């Protein structure tokens with residue numbers, strides 16, 4: 001699959017901007033409408049000046065606030081986008097997709113896609129192949145001024161839909177395919193090229209739009225809004241889920257949009273979701289507690305035959321799955337079809353795949369013949385919910401099924417998508433929620449936009465243990481819908497087994513701007529998965545549950561946390577600062593309510609941030625972790641991490657390896673605690689040395705565990721995970737057992753201190769006051785004794801400044817010295833070999849002469 005990626009755009013000499021007008025007109029008229037005082041400062045960059053649009057691409061060397069001009073709604077930067085290269089496989093063992101999905105059965109009934117217009121946003125069409133694909137027309141929007149496809153991607157996608165070549169036939173051979181070239185031969189594209197193509201899609205009355213490309217920026221405007229408007233106008237948009245699996249929360253945009261049919265991929269057998277296929281949930285709403293259920297549907301994606309360059313070739317990826325679904329829709333579509341009832345027919349009729357979650361397969365595997373029957377059914381004229389039901393004991397809803405709901409836990413949150421088959425707009429509401437007095441259920445609804453809306457469901461209880469079934473009944477005009485829900489509730493866990501995982505201080509791209517990746521070797525420059533237990537930290541969530549812990553999630557402020565319920569507060573890689581009041585509350589719970597604290601940090605140094613920003617369009621960015629706020633929290637206990645260092649290597653404790661990717665260093669730690677070091681290379685000192693990476697200390701009734709890097713918890717990127725370390729720290733913090741070898745323990749008079757203490761206090765007291773006033777908690781769990789709590793202060797023992805090396809008595813080895821000594825030894829060894837070899841050669845010659 002193609003991936004859209006931001007590349008560096010120079011803004012030194014001039015700016016390229018897209019002006020969004022509140023009316024449509026030929027571009028030359030849009031330019032002419034600019035005031036004369038502005039016009040001489042800008043240049044129109046649009047070559048198709050006669051094309052009608054509401055967007056105008058201009059360049060200027062001056063900073064101008066165009067939004068103050070009449071008729072201009074918004075201004076967007078022109079961005080350059082980059083695709084991954086297409087990989088063609090051998091055609092020897094490729095599969096005919098038409099046979100896999102049983103398309104010939106519908107052909108025999110006369111359904112071949114006739115009268116259906118399908119648009120493909122891609123790299124154009126190979127002119128030599130047009131005789132073998134039913135191409136109605138091709139439109140170029142790139143800088144190449146021709147529709148030629150030199151990459152093969154666009155031609156291959158078109159052939160999946162409408163090839164007439166017998167060895168690799170298309171699914172809908174009689175459909176009219178319109179190719180919109182938005183990627184040039186260098187696999188580059190620009191925002192303005194897509195916008196011009198979208199306008200042409202509307203102009204040509206396209207029925208189905210197939211998009212086999214995407215990116216991680218779901219806030220990319222005006223791209224995202226244009227997709228929404230296309231669906232509102234009746235265009236069925238089908239887009240690839242992405243090839244970034246198997247990690248959860250890896251979907252690409254626009255396949256993750258609510259109104260778009262997002263398509264995942266199956267392996268060659270059709271029995272399993274392909275490992276590379278991107279998974280849900282969506283990340284738009286993850287800050288609020290729950291993403292939406294995506295992808296929508298899956299189909300074949302491995303070793304599929306298509307046509308390019310005069311012959312059949314095979315290819316793999318969700319790029320392939322997308323035109324398969326688009327072509328299938330052409331076979332089942334009728335003149336009365338809407339984007340919503342097409343989508344609901346596909347999803348109602350899909351075959352669920354065993355052993356795969358809803359976030360992997362969506363509604364299931366495409367069943368073309370069943371979808372054809374479903375499209376005209378009376379049921380398909382009603383609203384449809386996805387998921388149509390929910391049960392937190394059913395593994396289909398994994399990871400919701402990992403644990404039951406517990407009394408007094410934060411609500412279980414569902415984000416359900418509702419389809420309206422009759423209208424792109426309108427409202428719906430909850431008529432009734434039939435439930436007993438054992439569950440508290442609240443709901444929130446949106447309006448319909450582009451045939452879709454959302455239903456938020458919040459479920460909690462103060463009782464246990466039971467299983468409760470209830471229905472949510474929705475109504476919209478004359479339509480009614482019942483959503484059955486089953487919730488398993490267990491008995492209240494003991495305090496010792498409860499963990500509260502902080503999600504309220506994690507930031508991600510693009511919501512919070514350029515939040516940089518934690519692992520600098522990761523594919524994407526930005527941290528877009530949010531360090532969430534349903535996405536890249538799913539492995540950590542599973543590990544805690546496997547270790548016997550009950551895990552709750554904190555989505556908001558720590559002032560709303562009830563410290564009487566929990567034995568551990570878990571904080572992983574926070575980017576957002578804790579407020580002054582939150583810090584007081586956490587310390588209060590630690591010392592008064594005996595809540596232990598486990599913290600995972602990450603890199604925070606300005607040099608790494610500067611280096612990473614040089615690959616982006618951004619001048620400012622957010623580092624991997626807010627180490628400042630961690631130090632604010634734990635500094636009274638003589639615990640701090642470095643703000644200026646980062647290390648990358650593979651760590652090892654006994655036989656266990658763990659990845660340490662751009663992690664920081666523990667620079668202060670109290671006597672009597674356990675401090676684990678690793679020999680890592682220090683770039684600043686140009687030598688290997690002992691670096692403190694893991695710390696654990698038991699204080700008066702509570703513990704603090706600290707790790708300098710969180711990358712080893714990331715199930716999508718860690719080569720060697722440290723889930724076992726998380727489990728060991730949690731067990732050690734919640735019990736009397738300490739799962740750390742005793743030789744890592746600091747002597748009772750040995751405080752580690754290798755950097756001077758920095759007075760941080762990075763919180764804004766004014767903002768803190770505002771947050772406190774607007775705070776909404778289910779029950780106020782704090783008072784003046786909490787907000788003004790003064791923590792105990794560590795009494796400094798004898799301070800030593802040398803590096804802690806628990807497994808050896810010698811000082812760290814100087815790397816330069818090692819190299820110098822090794823060089824001398826190698827030189828002496830080579831000289832000896834040379835002299836010895838010379839003697840043997842001379843001796844051999846003598847023997848020859850004597851023979």
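Note: Cβ is positioned from N, Cα and C throughout, glycine not excepted.
Its Cβ placed at the centre, residue 122 (active site, charge relay system) has 29 other Cβ atoms within 10 Å. The active site, charge relay system annotation in TrEMBL covers 122 (among others).
The annotation active site, charge relay system is assigned in TrEMBL to 153 (among others).
The active site, charge relay system annotation in TrEMBL covers 319 (among others). For the recorded site, residue 319 (active site, charge relay system), the DSSP three-state label reads helix.
Marked as domain 'Peptidase S8/S53' by TrEMBL: 113-364.
The domain 'MBTPS1 third' annotation in TrEMBL covers 387-461.
Averaged over the domain 'MBTPS1 fourth' (493-730), the predicted model reaches a pLDDT of 93. Residues or ranges marked as domain 'MBTPS1 fourth' by TrEMBL: 493-730.
Per TrEMBL, the feature transmembrane segment maps to 815-836.
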Rounded Cα separation (Å) that holds between residue 122 (active site, charge relay system) and residue 319 (active site, charge relay system): 11
Three-state secondary structure, which DSSP defines for residue 153 (active site, charge relay system): helix
Three-state composition of the domain 'MBTPS1 third' (387-461), taking helix and strand from DSSP: 6 helix, 37 strand, 32 coil
Rounded Cα-Cα span from residue 319 (active site, charge relay system) to residue 153 (active site, charge relay system), Å: 9
Number of other Cβ atoms within 10 Å of the Cβ of residue 153 (active site, charge relay system) across all protein chains: 27
